[in-house]
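Asker: Let me begin by handing over the structure; questions about it come next.
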Amino acid sequence: MLKAAAAALYRKNSNFLQGLRLLHKMSDQDLAKIPLVDIDEEGIFKYILIRVTGKETADGTEPSKLVVRGYADCEWHADIYERTQGTIKGTGLDTECLGGGRIEHNPEKKYLKVYGHSTGYGKADHAESKRVLLTKYKNYEIETSDEGY
């Protein structure tokens, strides 16, 4: 009888653990699907740096990555964040805005300038933003500056 109870408990816990592994796998897959960079193709516009985080893994770590978002049609940095949250909603991923600024994007010159700050979210780490932008714009000159709004 004790063996039967132990076997049932093992099966129950095994199924639970398999379910957890599946959730983490789904979370990792969802995280992998989030593009690192989504900015307008040209112009000067506000941008934000966001940390996207998956579910905590069995070893206690939380998989995450930094993403850059910037759109000319968003009047406020908060508008960019809301749009991004809307695209991630329902995936089980969490987001945190780490700050913002502006981007000047000139595709003819293959040039990006990352500068300024967000009044609401503070200044993003422009060096980190540059690192993320380089994943998409490998052959661009990317300048960073703490000057300007």
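Along the chain as shown, the residues are counted starting at 1.
Backbone N, Cα and C define each Cβ position, glycine as well.
Remember, predicted model here, so these are calculated numbers, not experimental data.
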Asker: Looking at Swiss-Prot, SER118, THR119, GLY120 are annotated for substrate. Which of LYS33, LYS46 sits in that same site?
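Answerer: The record-listed residue among the candidates is LYS46.
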Asker: Rounded to the nearest angstrom, how far is the Cα of HIS77 (active site, proton acceptor) from the Cα of THR119 (substrate binding site)?
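Answerer: Just about 8 Å between their Cα atoms.
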Asker: Measuring Cα to Cα, tell me the gap between HIS77 (active site, proton acceptor) and LYS46 (substrate binding site) in whole angstrom.
Answerer: 6
